[in-house]
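Okay, so here's the structure we're looking at.
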Amino acid sequence: MEIKQNTIYITGGTYALLIKALEQWIERYSDVLNPDFIFQINPVSNNKHIIIADKRLDNKLFFFLVNYIKFPIKIEYNISLKAYTILESHFTGKEAMIFINENDKESDNVYATTTDNEVLKFDFRGKSKQINNSDVIFTLPDFKLSDSKHSKIIKPKEKKNYKTNDNNESSASFQLNIIIAICVMILIATALFSHKNFSLYNVLVFFGYGLLLFGEYELLQHPKAYKKALVFSVILAIYGIILLLTSHTDEKDKDIIFYLSLSPVIFLLYQKPIRLKFIALYGKEPIIERLNKDSDFIYGLVLLGLTVATLYLLSLVVTLLP
C-alpha cells in the first residue's frame with residue numbers, strides 16, 4: 001500500500017469540522033506557508049477522512065499540523081489519527097508514522113516510529129530524542145485514499161496586504177474602544193451615583209479590565225491596540241492612586257482598589273516581552289484557549305505569576321514606607 005508523504009489518516013470527527021480545523025491551521029500559519037502550497041481533504045466515509053498536506057511542507061510544520069488537527073481551537077470532536085511522512089533529521093530519509101501519545105502529559109509533543117520501529121519524540125521546538133520503551137509499532141492505515149470519491153482543495157491565502165492588516169488593526173481597536181468605553185461609563189456612574197457600592201464597582205472595573213485583556217489576547221497582537229490598552233491601563237493606575245489619596249472608604253478597601261488598579265498596566269508590561277519570547281521559542285502565538293497544552297499553560301502561568309508577584313512585592317515595599 002503506497003502512502004503519500006505528509007498524509008494524515010483520521011477516524012472520527014466530521015468532514016465539515018475537519019475542514020474548519022484545517023482552514024484554521026492554514027490561517028494561523030499563513031505568514032510562513034508558501035501561497036502555492038496545496039492542502040487536500042478527502043472523505044472516505046462518514047467518520048474516516050484523509051488530509052494530504054503539500055509534500056514541500058517541512059517536518060516541523062507538518063508536526064504542528066498533526067497536533068492542531070488532534071487538538072483544534074474552539075472545535076469539539078473526538079478523533080484518532082495516524083500520519084505519515086519522510087523524516088528530515090535523526091533517521092533522515094526514513095518513512096515514519098506520526099502519532100500523538102495519549103499518555104504523554106506534555107501534549108505539545110508528537111511521536112514518530114519508523115518502518116524499523118525506531119521511535120522518536122519531537123517537542124514543539126522541533127527537538128527530538130529517541131524513545132526506547134514505546135509499545136507503538138509502525139502500521140499502515142486501515143483505509144485507503146482510493147476509497148475516497150471526492151476531495152476539497154485548500155490553499156493558503158496570499159501574504160496579507162496593508163489593507164487587510166489595516167482592517168484587522170481597525171477591528172481590534174474598535175473592540176478595545178468598546179471595552180474602554182464600558183469601563184469609563186461604569187467608573188463615571190459609580191463616582192456620581194453609587195456611594196454605597198463605590199468600592200465594589202471600582203474593584204469590578206479594574207479586575208474585569210485586566211481579565212478581559214488576558215482573555216481577549218488576540219487584540220494585544222496588534223501594536224496599535226496594545227498601545228491603546230497600555231495607555232488606558234496607565235490612566236486606570238493614576239485614577240487608582242487618586243482614589244487612594246482622596247477616597248473616604250476604609251483603608252482595606254483603599255488598598256484593594258489601589259493594587260487592582262495597577263494590575264492591568266503591570267500585566268501589559270510583562271505581556272509583550274513574554275509573548276515575543278514565546279513566539280521566538282515555539283514559532284507560534286500563545287493561545288489562551290489551550291492552557292491545557294504545556295507551552296501555553298507555562299505562558300499563562302508565567303504571565304499571571306509575574307503580575308501577582310509584582311503586586312505582592314509592591315505591597316511589601318509600601319508597608320515599609322513611613
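Quick reminder: no glycine exception, Cβ is built from N, Cα and C everywhere.
Keep in mind that TrEMBL annotations are predicted by a computer and have not been checked by a curator.
Here TrEMBL flags 174-193 (among others) as transmembrane segment.
Sequence annotations record features per position, and here TrEMBL assigns transmembrane segment to 199-217 (among others).
Under the heading transmembrane segment, TrEMBL lists 229-245 (among others).
Annotation comment: TrEMBL describes 257-276 (among others) as transmembrane segment. Sequence-distant neighbours of the transmembrane segment (257-276) (same chain, 6+ residues past either end, Cβ-Cβ under 8 Å): 199, 202-203, 206-207, 209-210, 213-214, 220-221, 226, 229-230, 232-234, 236-237, 239-241, 243-244, 247, 249, 285-286, 299, 302-303, 306-307, 310-311, 314-315.
Per TrEMBL, the feature transmembrane segment maps to 297-321 (among others).
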Completion exercise
Outside the transmembrane segment (199-217), at least 6 residues beyond either end, the same-chain residues with a Cβ under 8 Å of its Cβ set are 175, 179, 183, 186-187, 189-190, 229, 232-233, 236, 240, 243, 249, 253, 256-257, 260-261, 263-264, 267-268, 271, 286, 288, 300, 303-304
